[in-house]
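Each remark here refers to the structure printed beneath this line.
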Amino acid sequence: MAEPMLQVKNLSVEFHTAAGTVRAVKNVSFDLDRGETLAILGESGSGKSVSSSAIMDLIDMPPGRITSGQIIFEGRDLLKLSASERRKVNGHKIAMIFQDPLSHLNPVYTVGWQIVETMTAHGMSRPQARAEALRLLGRVGIPDPEGSMGKYPHQFSGGQRQRLMIAMALALKPDLLIADEPTTALDVTVQAEVLALLEELQQETGMGVLIITHDLGVVAEIADRVVVMNAGEVVETGDTRQVYRNPAHPYTRKLIGAAPGKGAMHDPLPSAEPVLSVRGARKVYGDFAAVEDVSFDLMAGETLAIVGESGSGKSTVAKMLLRLEEPTGGQALWKGQDLFAMPERQLFALRRDLQMVFQDPTQSLNPRMTVWQLITEGWVIHPGILPRSKWKARAAELLHQVGLKPEMAGRYPHQFSGGQRQRIAIARALALEPELIICDEAVSALDVSVQAQVIELLDGLRKSLGIAFIFIAHDLPVVRDFADHVMVMRKGRVVEAGTVRQIFDNPRQPYTQALLAAGLDPDPDVQAERRAARLAMAAG
Amino acid sequence: MTSIDIIPDEPKPLVRFARMLWADKFALAAVLFLTLVLVLAVIGPTWLGEVAQKQNLRGRNAPPFEWERGWLWILGADALGRPLLARIVVATQNTMMVAGGAVFFSALIGTVLGLVAGYAGPRTGQAIMRLADVIMSFPSLLLAVVVLYILGPSILNLVIVLAITRIPVYLRTARAEVLEVRERMFVQAARVMGASPRRIVFRHILPVVLPTLMTIATLDFAFVMLAESSLSFLGIGIQPPEITWGLMISQGRQYLTTAWWLSFWPGLAIILTTLSLNLLSGWMRIALDPTQRWRLEMRGRRNG
C-alpha cells in the first residue's frame, strides 16, 4: 500500500513559559490520506490545535519548540524544509480555515479582492483569478457571487463568512484542508449546512480533511476516523463508529458519557402559582424589534429553558427581567410586583432574589478580586443578609456546595480552570440566597465533561434549595436533561413552548423540528440516519 | 466536615509588596531615589538655604568636579557663584510642591470627572466633555499667562493654573476607558447584584483604569516642571530668589555654550525624578494586577 498523504510521527511540542516548560504535545502520531476525513477530538488544553498548527508552521518559536518528530507530507518532512519551501506548501498544498472567520478576513478589503489576491500571489493571472473566484463563491453557496465580490466581510453573516473562508482555502486546490473548530461559532442550523458543504467539496476535489473539534456531534457527522487527544497525548485512534461503540480508553468513555441529551427527561407537576409571569414583553431598538410579545410563566423550583439561535432575542429577555436593558413594553410580575415598572430603589431589594450566571466566567468575574471578595461582595451590598461574623463560615459552606475547596478563597479567578470559574460565579449567585437564577448560556463556553458537571450541580441546587432557573441556551440537547419547560424563540418571537417532553418528542412547529434535526448527535449511526433523511428531504 | 470553616487569612499585603519590590531592582532604585528627593524637599531649605543664596563672584560659573572648593561645589556654581548642588537641593521643595501639586490635583479632578462622564447618563457626560473642550481650546500657556497676570504669581496660583490646564488629559483618558470597561461582563454582574453606581465605579471600574492614568501622570510630571519653568521665564511663575529646577534650567540657558553645567544638573534632576516615577508606575501596574503579579513573585523567588 502506498504511503498516506500526511504522516505525523512522534510529534512533541514544548512551550517555555514563566511557570516552567509545558509539554503541550507529547509523541503524537497520526496519518491521513487523500479523500479521507480525520477528526482530532479533544477538550481545551488537549493539544489538538497545537498539533495542527505544527503542520502549518504556525507555532511561535520561541516560546514554542518542536522537540521531536516528523511531519511527512507527500514524502517530504515539512519540519526539515526551508522557510521558502515551506511557504510553497502552505496555502498551495495545505490550506486552513479557522473558528472565527471575521478575525481572519481583512476588514478593509472586499472579499473578492482577498480571494483573487490569494490566487495571484501564487502566480495566477488577474482575469483568470477573478473568474475562478466567481466560480468558487457560487460553489460555496454565496448568493449573488458577482455582487458579493465587491462587499466587505462585515456585510456577511457568520455562516456566509465561514463559506468565504472555505472559498479562500480552496482557491489553490489544496490537497489537505485543516479546519480548526470551523463551526463552533455558528448556530446549529448553519453548522449543519457548513459541514455538509465541506463534505461535498471533499468528494468533488478528493482532498484530505483534518478537522479539529471538541464536539462529538461534529465527529459523528463528518469524520471517517477519529484521534482522541487528552493532555497532549493521543489516547485513542480508530474508526469513528468503532470508537463510539467500543471506546477502549477511560477518557474516551468519559467524554462519550458526558455528551448531553441522553438522560431521563423531567416531568413537571402541574403546579399552582407561578412565581414569575411575563406578559407581552417587548424591546425595540429604533425600528428593530429585538423581542416582540413574549409571554411565559415560571413556577417555583422549576427550570424554564429558552432556546434560540443568535439574534433570537433570548438574552434580551433575560436582560430585561434583570433590568440590564430597559423594556419597551409588557409586564413581568414577580410575586405580584411588576419588575418592568419598578423604580430603581424598590428594585434594589428584589435584586437578591433574582441572580444571574453569565456565559463566560472569565469575563463575569472581576479579575482583580479574590474569590473571597467576589463571594462576599453581595453581603457588602445587601447588609441585611448575613452578619459579618458569619461570613467566613458561610463562604466556606458555599464553596463546598459548588465543589470547591475553602482554602481557595484567597486566590484570583485566573488561577482556576474554566469550569471552576463558573462554579465561583454560581457560588457568588447563591450567596444572595436567590429564588430565581437566570443562566445565560452558562455552560456554552465550557468543555463537554465540565458542562455535564455544572449542569448536575445546578440541577442539584434546584432540588435541594428549591431555586427556580431560567436557562438560556442555543443548544437543544443541553436543555433536554435539565429543563422542565422549554420555550423556543426565533427573531424575537416565541415559536413554540411546552413541557420538555412535548418539545422533544412532539415538536409541532417546523422551526423546532428543523432545530432538533440540525442538532448533531454524538452517535455516528443516528447521525448517518439523520443525514440520509436530510438528503432525502433536500432531493424532494 | 471539620475542614469546612478554614478560610485562610490573606497574607499581609505590606510584606508581599516589599518582597515584590525587592524582586524588581529598577523599581527599588526608583523608590530609593524618590525617597531621597522627598527627604531633601522637606529638609533642603532649612539645611542649605543660606549657602544656596550666598553669592561668590570669584566663583562665577565655576566648573564641576573641582574638589578644592568643598563638596557643595562639586557640581560647579552658577552665574553668581552660588553652588549648584546646594541650589538643586533647595529647589527640590518648590519643584515638588508645584509639579506634585499640579499633577496630583489635575489627576484627581480629571479622573473623578472622567469616571462620572463615562458612567453617568449622556447629558452629564456631554456637559463634562464640553467643559474639557473649553479648557483644551485655549493654549495652556496662554491661559496660564492670563490667569497669573490677573491673580499674581504665587506657588498656590501656579499649582491651580497648571492643574486646570492638565485636567482634560486625565478626563478624556478616564472617560474613554470607562466607556469600554462599563460594558464588561463583571460590571453587569455587579449591577445584577444590586451594586450602587458609586460602588461599581470605584470598586470595579477604577482599578482597571488606574494604571493607565498613573502612567500618564508620571509622564505629565516632567511636562508640568518644564511648563512651570517657561512661566517663570516669562516672569509670572516662581520669581527669584525662590528657585525651582525648571527656573534653574532657563537661567542657565544663556550660558549653554560656555557653562553647560548650569542647565545640565537641574535637567538631570528632572529626568531622574521622572524616570523614577515612570519605573515605579510600571512596577505598580504589575504589582497591583493579580494576573500579572506572578512575574514579580517568581523573580523574587529565584533571586532569593
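Cβ atoms here come from the backbone N, Cα and C positions, even for glycine.
Automated prediction, rather than curation, is the source of TrEMBL annotations.
The transmembrane segment annotation in TrEMBL covers B:26-48 (among others). Long-range Cβ contacts of the transmembrane segment (B:26-48) within its own chain (Cβ-Cβ under 8 Å, at least 6 residues beyond either end) map to 72, 86, 89-93, 95-97, 272-273, 275-277, 279-280, 282-283.
Per TrEMBL, the feature transmembrane segment maps to B:70-90 (among others).
Feature annotation from TrEMBL assigns domain 'ABC transmembrane type-1' to B:92-281.
If one looks beyond the transmembrane segment (B:102-121) by at least 6 residues along the same chain, the residues whose Cβ comes under 8 Å of a Cβ in the stretch are 128-129, 131-132, 158-160, 162-179, 182, 197, 200-202, 205-206, 209, 213, 216-217, 220-221, 224, 228. The transmembrane segment annotation in TrEMBL covers B:102-121 (among others).
Remote same-chain partners of the transmembrane segment (B:141-165), defined as residues 6 or more beyond its termini with a Cβ less than 8 Å from a stretch Cβ, comprise 94, 97-98, 101-103, 105-106, 109, 135, 224, 227-228, 230-231, 234, 236-239. Annotation source TrEMBL lists transmembrane segment at B:141-165 (among others).
Below 8 angstroms of C-beta separation, residues 95, 98-100, 102-103, 106-107, 111, 115, 118-119, 140-141, 144, 162, 165-166, 169-170, 173-174, 177-178, 181-182, 187, 244-246, 249, 270-271, 273-274, 277-278, 280-282, 284-285, 288-289 of the same chain, each at least six residues beyond the ends of the transmembrane segment (B:205-227), sit close to that stretch. For B:205-227 (among others), the entry in TrEMBL reads transmembrane segment.
Below 8 angstroms of C-beta separation, residues 17, 20-21, 24, 26-27, 29-31, 33-34, 37, 64, 75-76, 84-85, 88, 91-92, 207, 210-211, 214-215, 217-219, 221-222, 225-226, 245-246, 248-249, 252, 295-296 of the same chain, each at least six residues beyond the ends of the transmembrane segment (B:264-288), sit close to that stretch. What TrEMBL lists as transmembrane segment is B:264-288 (among others).
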